[in-house]
Each structure stands twice: as C-alpha cells, then as structure tokens.
Amino acid sequence: QQNLPQRYIELVVVADRRVFMKYNSDLNIIRTRVHEIVNIINGFYRSLNIDVSLVNLEIWSGQDPLTIQSSSSNTLNSEGLWREKVLLNKKKKDNAQLLTAIEFKCETLGKAYLNSMCNPRSSVGIVKDHSPINLLVAVTMAHELGHNLGMEHDGKDCLRGASLCIMRPGLTPGRSYEFSDDSMGYYQKFLNQYKPQCILNKP
C-alpha cells in the first residue's frame, strides 16, 4: 500500500427495473442499500489507496435503456455500448456498475472487462443483487471493479489472514474480505502499463 499512489474512482451505479420491482418500487430502500454497498466497497479499496465514491445512482423505474438478459456477456456488452453512447454524454464518470435482479445463466453473480478502467466502452461491470446481505453484494461489485483495475482471479482457497480474498472465483460467504498481495500486484501492473488518467482527479 505504501507504494500505491492515491487514486479516485467516481462510480455510477444503475439499478434496473427488476431491482426497482424487487423492492416494491421503494426508491429509498434501493438508495440506502446502494449507498451502504458502496461504503463497504470503499473500505475494501482503502488498502489500495483508492477512494471509491458514488457520484450518481440511476434507478430505472420504467423500461431499461439497455438489453438485460440471462446471458451475462450480452448484458455486459449492452451496458458498455450504453455507457459510451448515452451515459458519457450526460456524466463524465470513471466507471459504471449495473445492479440487476435477473437470473444469469450458469449461476453467474457478476461479470466485468479486464484492464478497462477509464475506457469509454468497457469501464463497466454487472452485478446480480444475489443476497439480502449488503456485504456479499459489495464483495461481488468490488470483485468486478477489481477486474476493471487489472486483477485476475486468486486461487479458490485464497485467504489473507482470517479474511477471504475478494478476487476468489465465485463467492464464498464469510464475514471479512480483503484484497490479496497478488491483487495488489495486478493493480500495480495495470497502473504502470495502462496509466489510467480518469482516476487521477478528486471527485
């Protein structure tokens, strides 16, 4: 951490119509949940000297403006096109994460592009609202953001002290999670190789 420079991620979270309906159209419940999730994510990223702040939350109460389907790859592709063509024209932010209540094939909980932070089309991830426990959804979103920041998967049994590693494949329910040394190394390599500019400025 000592060697990692201070960086700032301005995050947009979009909650789809399925999430809106799942919480009985209660915007306050969704807002509170997303704010708590991003707070937890920010806590995880402190060890990497990254501030993650929620700069915009969109809740789609009407028709979803992008194609959300059981194929996570197609949904991720659709979100990327939407970010590039629509979102960036309205809000110049660093990354967008889609929170959806759809059932993806193969029990997928999330998906994201690797090494893509700051890229207009591919600085995106999708996360299934798969648990009532905020911590577990936060781990999934932190994991997808990790891919955007260059992190590959850890081993399936990876631990850091008593904590489970955030970049394990799949999700093991637990009480505490941290980034592994390998994850920090991948992130350092991403910074050196891609030199992402959008995360330099304070929100």
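Cβ atoms are placed via backbone N, Cα and C, with glycine included.
Keep in mind that what you see is a predicted model, and the values were worked out from it rather than measured.
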Candidates ASP94, ASP129, the one Swiss-Prot lists with GLU10, CYS198, ASN201 as binding Ca(2+):
ASP94
Candidates GLU144, HIS153, CYS158 (recorded positions) with Cα within 10 Å of CYS198 (Ca(2+) binding site):
none
Validating a neighbour-count step here. Other CB atoms within 10 A of the CB of GLU144 (active site): how many?
24
Remaining residues near the recorded Ca(2+) site, that is with C-beta within 8 Å of the centroid of the site residues GLU10, ASP94, CYS198, ASN201:
TYR8, ILE9, LYS92, LYS93, ASN95, CYS118, ILE199, LEU200, PRO203
Specify the nearest of the recorded positions GLU10, ASP94, CYS118, GLU144, ASN201 to HIS153 (Zn(2+) binding site), where nearness means the distance between Cα atoms.
GLU144
